[in-house]
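One structure below.
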Amino acid sequence: MGVWLKNGMSFNKDGELMRTHIKIEHGTIAAILYEQPLEANEDVIDVGGRLIVPGLIDLHVHLREPGGEAKETIETGTLAAAKGGFTTVAAMPNTNPAPDRKEQMEWLQARIRETARVNVLPYAAITIGQKGEELTDFAALKEAGAFAFTDDGVGVQSAGMMFEAMKQAAALDMAIVAHCEDDTLTNGGAVHDGEFARRYGLRGIPSVCEAVHIARDVLLAEAAGCHYHVCHISTKESVRVVRDAKRAGIRVTAEVTPHHLLLCDEDIPGLDANYKMNPPLRSREDRDALIEGLLDGTIDFIATDHAPHTAAEKAKGIEAAPFGIVGLETAFPLLYTHFVKTGVFTLKQLVDWLTIKPAQCFGLKAGRLAVGAPADIAVIDLETEEAIDPETFASKGKNTPFAGWVCQGWPVMTFVGGTLVWEKGRA
């Protein structure tokens, strides 16, 4: 016996939004009915005309465990994911210790099985301790369950080291995922090297420090035959480099964050460290280029770069506070309200950028509503308006620049493998 989600709205295979009933059985989608009456003896959940989408996928989150449990844990971070409609997240390796050896990856996998509320794909580090000095054992880490390889949080500074990493990853049919930043060009900055930095007398991070790493890496990826993925792209120059690389047939993909689509450095209200992230909020021209790049396919999908910190850390001020903001619980409402409701994106585009597009880029089975697919599903209320309130977050991190923003498009139910893991209003 299964359970039916009744009276929802979802996209069919032709991209048409239709009245939908979905049957969940044994952890998978057993049946889908479009524009038909439902006659069922099984249990029924009436979703009242709300949107039904594949569980959202976020391939860039920081769960902080081990070593950063004051900021977040696998349990709290994945509960935040479920609350945001995400059923699959990929956990970055800048933890203490990093998953840079087989034993640490095995420990992490066990911890995920014990405490995670949603599917977690663990990244492994490219270099030991993410120090950029010695490559990890890629084959052993893949065997232990690594999803892909990244030193996210820092850029791999040596071209030779990155090239060798790409060759090893290619031999294992694994991806290299890169935080792109040339340390010799960052200027010790806390914000973008633009008008905001000049106004407040702050050291700025120039755009070129990102683009130059991407330009280097796409050529290395071409030579190595490696799938190369660019994290949190933020500048118009970076978009241009990725666009040119794709035209040249290089296997490169890229993601963009909600905050880089929504904000630029002009929007920072004084020295508020909740607007400090890396890469920083760039210029209005950069933001416009990111939107254009997403629409024309240069940028493949959206990822949050969920980066929780404690209130005490963020209270240190914009120069001393750590980089990063949270994003799992607010991504869909923000993007729906400010891009779909305003006609910049279609609803289908937004859903695809948060589901099937990341799945296709990394060969995941998730990200689609189809018979036989995993029953990873989110139900979203497109009508109710609510203000973002960090005090209600499931995440330990409350560090968001979007407090008080009124949004529609709030998830109300999240299913992972057919199990209801979060429902609005239920403890």
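Yeah, the Cβs are placed from backbone N, Cα and C, and that goes for glycine too.
Bear in mind that the values here come from a model prediction, so they are computed numbers and not experimental data.
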Among ASN12, ASN274, ASN278, find me the residue Swiss-Prot lists at the same substrate site as HIS62, LEU63, ARG64, ASN94, HIS309, PHE323, GLY324. ASN278
Say Swiss-Prot lists ASP152, HIS179 as binding Zn(2+) 2: which of HIS192, HIS227, HIS232 is in the same site, per that record? HIS232
From ASP300, ASP305, ASP352, grab the residue that Swiss-Prot records in the same Zn(2+) 1 site as HIS60, HIS62, ASP152. ASP305
ASP152 (Zn(2+) 1 binding site) and HIS179 (Zn(2+) 2 binding site), Cα-Cα, nearest whole angstrom: 5
From binding-site residues ASP152, HIS232, ASP305, the one whose Cα lies nearest LEU63 (substrate binding site): ASP305
In terms of Cα spacing, which of the binding-site residues HIS60, HIS62, HIS232 are within 10 angstroms of ASN278 (substrate binding site)? HIS232
Listing them in sequence order, which of the binding-site residues ASN94, HIS232, PHE323 have their Cα within 10 Å of that of HIS62 (Zn(2+) 1 binding site)? ASN94
One of the binding-site residues ARG64, ASN94, HIS309, PHE323, GLY324 has its Cα closest to the Cα of ASP152 (Zn(2+) 1 binding site), namely ASN94
Candidate with sparsest Cβ neighbourhood (10 Å radius) among ASP152, ASP305, the listed binding-site residues: ASP152
In the structure shown, which of the binding-site residues HIS62, ARG64, HIS179, HIS309 has the fewest other Cβ atoms within 10 Å? HIS179
